[in-house]
Structure formats: structure tokens, C-alpha cells
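Feature annotations, reproduced from Swiss-Prot:
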BINDING   Gly13, Gly14, Gly15, Pro16, Gly17, Val46, Trp47, Glu117, Val118  FAD binding site
BINDING   Thr65, Asn66, Ser199, Gly200, Gln201, Asp202  NADP(+) binding site
Amino acid sequence: MTVNDKKRLAIIGGGPGGLAAARVFSQSLPNFEIEIFVKDYDIGGVWHYPEQKSDGRVMYDHLETNISKKLMQFSGFPFEENVPLYPSRRNIWEYLKAYYKTFIANKDAISIHFSTEVTYLKKKNSQWEITSKDELRTTKSDFDFVIVASGHYSVPKLPTNIAGLDLWFDNKGAFHSKDFKNCEFAREKVVIVVGNGSSGQDIANQLTTVAKKVYNSIKEPASNQLKAKLIETVQTIDSADWKNRSVTLSDGRVLQNIDYIIFATGYYYSFPFIEPSVRLEVLGEGVTGDKHSSVNLHNLWEHMIYVKDPTLSFILTPQLVIPFPLSELQAAIMVEVFCKSLPITTTFDSNACGTHNFPKGKDLEYYAELQELLNSIPRRVGHFEPVVWDDRLIDLRNSSYTDKEERNVLLAEHAQALKKKKAPYFLPAPHT
């Protein structure tokens, strides 16, 4: 295939990954006909959080990023100067909207279908057949290439080994952080937050402004980086007694008078719309019982290209990364793979890419590896150039962990001050 060949590309999802793919392909392969399928009525993916219709959405009212805007920006598209160093969810959505208007909206080669759900994707002869459904009809369309950009924040990951937990969920005493919106429900209540990732730390801290007591339950309490004085770090939960409102920890300690348990325990990868044979190859046997979801992915070259059919790819599957610039870098790789300018390895251990969580600092190695792949082939005039991870950005990334710890200390002090004033939580004044 050459850059002048007319081909059809489907992008499933209108969040950061889908938008980045549309920008990169429309610039690099202008003869491609691109169709974007967006389940929501607007772009943004998880960052689209209409406050009047927030039920079922991942975001919460007072959320800010855990990565600075200096790292998050797309190639050649900086944030506005007045945006805080750690942008709010609203700042991010406005940034994505501006990105969409600048690079995607009103482009002749790009069609976007809002409020349209992809219900089935299957290989039919030499093309991919997509079945999609909007409010009026069901449609089938054929494409040469497909990029799955549906994200991985739809199926909550919850523990299955805590005795008695089902009754807590049945009585709305336990829920996943996906359903957290703000702290008001916890006023003068005793709450356990399970997990100390970014969301777990942030939610626990926000709760201290109104809750009577906040516990943070994690595997290794001694390693907890939460600096909030109003949060007590405890061991993992062994069992939960709804009748007595008590929780027994793995060290034998019993916590009494518990009102709520919030699980900030992450999400499964889930692709229920992909035909079963392909889904099995990508998700493995799964862990949730419905074969639609899994904690790991398989048979993906460089965490994105389906090795058994390189006309199918997945964008932004890795976690603990800098997603916006990575999405454009991955899309630039996909361009070359789809054009057959960049060969992929199709014979390797299918479990080799099972985990997509990068340990601290390892994401930089991944960016460098992808950039090296791009540099290994001739780049054509007009091709998209993604963010290059130079020394400045590498230093910013390496310092981002301690920078965020310092930010968390400030947020904890802010929450303590609000509690003394008996004021509800809100984000502190922006620092740009």
C-alpha cells in the first residue's frame, strides 16, 4: 500500500486516543477516509463530564490531573497559559475540544458519528465489518483498518475474595470509585478507601474535609505516600460484616462503625463488541466470567498491533504513562505498519505483552523504543511528527513523581484547612 491508495479507517472512540489517531492519519495519509464512532454525544471520552448528566461517568467533581500540563500536551499544541500546572477535568476537556476543532472538525476526509455505539466488529473476507447503532438505526460498514480507542475505564475491578462484601454492595455501603462524585454523602461518616493509586489518594484526601474518620487500606501500609494527617493507613481487608458494620483486616485488627467502603482498585480491559475469536486472542481467558474482560492483553506487538492481523490495532492500552503525547506516537507507528513500511514481529510469546502497567520510569524506555522504530525508516514529507522525548522532557518525567508527592502534601494541607472551617472540598487556587 502507498500513501496515495484510498483506504477506509474506522476509529472506535472519541477520547484522547481516538482524536490523536484521527489527527495523525489525516495528516500522514490524506487519502484515507476516516470514520470515528463515538458512543457519547460529544468528544472527550472519560474527560467528557457534563455536570448535569454525570451518572455512570468515571470523573468526579473536583478532579485534577496527576501529571503536569508541561508533560501532557500534544505535539505542537500547548495548553493555554492560564491553565493550572495540574489541570482540572474541565481544563482537560476544553483542551481536547480545542484539539478536535483545530485538527479534526470540518475535515473532508473525516466523518464522526456521535451517539453511535459499535456493537460488533468482525473480519469478513479481507475487511473489517463494523455494526453500529444510533438512536434511529443499525448500520453495517466495511473498513480496511480499525483502531480501537475505546479506553479501559468502563468495567470496574473489584475484589472477589473478601467474605461478606456482597451485602455491603447490596445495601449501598460499598461502591467502586467510578461512582464517586463528591464528599457530601460521607459527612460525619467513617469511610475506608481501598487502594492508593492516584484516585484512591485523591478521594481519601477529599473525604477528610467532611468525614468523621478516613482509613486507607493498602497492601503495604508502610510504603504509603499519603501525607495527610487525617488519614489512617491500614492493612488489606480480610472480611466485612454488614450487620455489625465492622471490617476485619489481614493483620487481625477489627475496624468498627464503618459506614462506607470505596474501592479505588482500577479497571479491567473490556472489548465486548469484538468477535469472540479475536477477543479471546487479545484478552486471553479473562477473569470476570463473561469472557469480555481481563486484567491483561495478549498478542499485541508493542502494546498496540494485533499480531495475527496487523490491520487491527489498539491505542493507549498501557497504563502509568503520559497518554496524550503517547497516543500520537503510537498512531505514527500505526501509520507505518498499515503502510507496510514498518514490519512487525508476528512470532513471539503471546503472553509476553500480558501486563501493560509500566513500573516507575519504564514508560520512558517505551517512548524511546517507539521513536527508534520511527527513526529506522525513511519519513515522507508531510508525515506527522510526534513529541520527541528530549532531555528536558525526560527530566520533567523523572521529577514528576516527587512533584506530585509535593502537590499531594499541599492538597492534604488544603483539606485540613477546609475541615477546620467546616467547608466542603474544592480545589485550591490554581498555580500555573
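Numbers here mean position along the shown chain, with the first residue as 1.
Positions of Cβ are set from backbone N, Cα and C atoms, glycine also.
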Site of maximum Cβ density within 10 Å, from binding-site residues Gly13, Gly17, Gly200: Gly17
Neighbouring C-beta atoms (10 Å sphere around the C-beta of Thr65 (NADP(+) binding site)): 19
Residue among binding-site residues Gly13, Gly15, Gly17, Trp47, Val118 with Cα closest to the Cα of Ser199 (NADP(+) binding site): Trp47
Recorded FAD binding residues, Gly13, Gly14, Gly15, Pro16, Gly17, Val46, Trp47, Glu117, Val118 - maximal Cα separation rounded to whole Å: 20
Candidate with the highest Cβ count within 10 Å, taken from the binding-site residues Gly15, Gln201, Asp202: Gln201
Beyond the site residues Thr65, Asn66, Ser199, Gly200, Gln201, Asp202: chain residues whose C-beta lies within 8 Å of the centroid, for NADP(+): Leu63, Gly197, Ser198, Ile203
Same chain, 6+ residues apart, C-beta under 8 Å of the C-beta of Trp47 (FAD binding site), given in sequence order: Gly15, Pro16, Met59, Arg89, Ile92, Trp93, Leu96
Between Gly17 (FAD binding site) and Gln201 (NADP(+) binding site), the C-alpha gap once rounded to whole angstrom: 26
